[in-house]
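Enquirer: Got a structure here, written out as structure tokens. Questions coming.
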């Protein structure tokens, strides 16, 4: 199958956030170029039997609308308020403090109910409580004489006038604070229940903001819930067991890690990927690598631009086959062990000067970063290839050269390629921070095997007319099994 290398992928549109919407809006049509689409519709196209059917990324989750999430939260709150004999607002503060783990709350309540309320910051700690030292009927903020009925306080009895409370709450809500609105007294930890704050907000606009911030804080504190990070998306993801696993919103199709809400990053764990991304953003030395799109052919020295995702390059002038990453001859590149992904440590570096160690550290970082960035660029180029395949299939169907079913395997191959390369990209931060030893050697071996099969698949996808369907689907199966094996052995978070 030949494809036009100049066409571009389309952009996806995102819907506005509307927490008051009663019904879910219809899902938008999938954009074939989106990274979020990598995992869709692939599993059914690669036959799995026995142990091969095990998917290390399998993870049960549910997508909830705003109303469904609110209903689930209110159900917990109503039940707990009834058992603890507290107001609904206080019950919510207790739930937030204990991450909505009701069984733990009830156990603590049975053992020491007073301490539970202190820990939830709804009652003062008797041993540390400092009563107000201001004259009676005086506001402790503006120091004005105030009628008793205009003085308001929480359980700590720190009294302030209604005007100061209104100003305090309004400023905090404008700054995006929800559950965090607290007593104005210095060093007083007590939080204000929502039924205390709402009457103090002067207009409906602020009250609506406060509702949204409360909902955000309630969801973020719940150990089984995460807000979808998609732009203006109101959906909430619910799981039974919180883990660093891939979830996807069924409204905006955003794919992310449930635990950290960042882009899905298996096999790298959440803390490591944060460290890696911070390092990439901070290190100015990477700028030259980010902008590098061309290299010289190692045989005839003609300048070559990479316009596809495959790292198996063929010079258009001399027809020399070489690796884009290391410029090695492709014929001997992966004959026994795919060396291109493995960094060779200098065993004597600990005995050398600090300057030499710094140079070695930079060399190591650039080695991994260049490969990380190269696969990122390959993903973007292969997304364009996917779009062109999609358009080519449409053209063939319109010309009665087969049905969608006949050509669907080409799209599935491009999707699986992106899925595998996406995993491969995130193996490089994992390897960069990994301690040397037998486990790292095993990881590098599996990483190399995966990379070799991905490049074989990429080569065949970009030259689909030269390979029959069985050959392509066999390569898909091999690449996916390499990917699953690596994740099964190393994605243990």
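Just so you know, the numbers here start at 1 and follow the chain as drawn.
Every residue, even glycine, has its Cβ placed from backbone N, Cα and C.
Sharing the record's features from Swiss-Prot:
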type	residues	note
ACT_SITE	310	active site
REGION	1-38	region 'Disordered'
REGION	65-112	region 'UBA-like'
REGION	359-493	region 'Ariadne domain'
Enquirer: So what sits near residue 310 (active site) in its own chain, CB-to-CB under 8 Å and at least six residues off in sequence?
Expert: 378, 455, 458, 459, 462
Enquirer: Three-state secondary structure of the residue listed as 'active site' from DSSP?
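Expert: Where the residue listed as 'active site' sits, the three-state DSSP reduction gives coil.
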Enquirer: Tell me the residue counts in helix, strand and coil for the region 'Ariadne domain' (359-493), as DSSP assigns them.
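Expert: So the counts come to 119 helix, 0 strand, 16 coil.
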Enquirer: Averaged across the region 'Ariadne domain' (359-493), what pLDDT does the model get? Just tell me the whole number, please.
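Expert: 92, rounded to a whole number.
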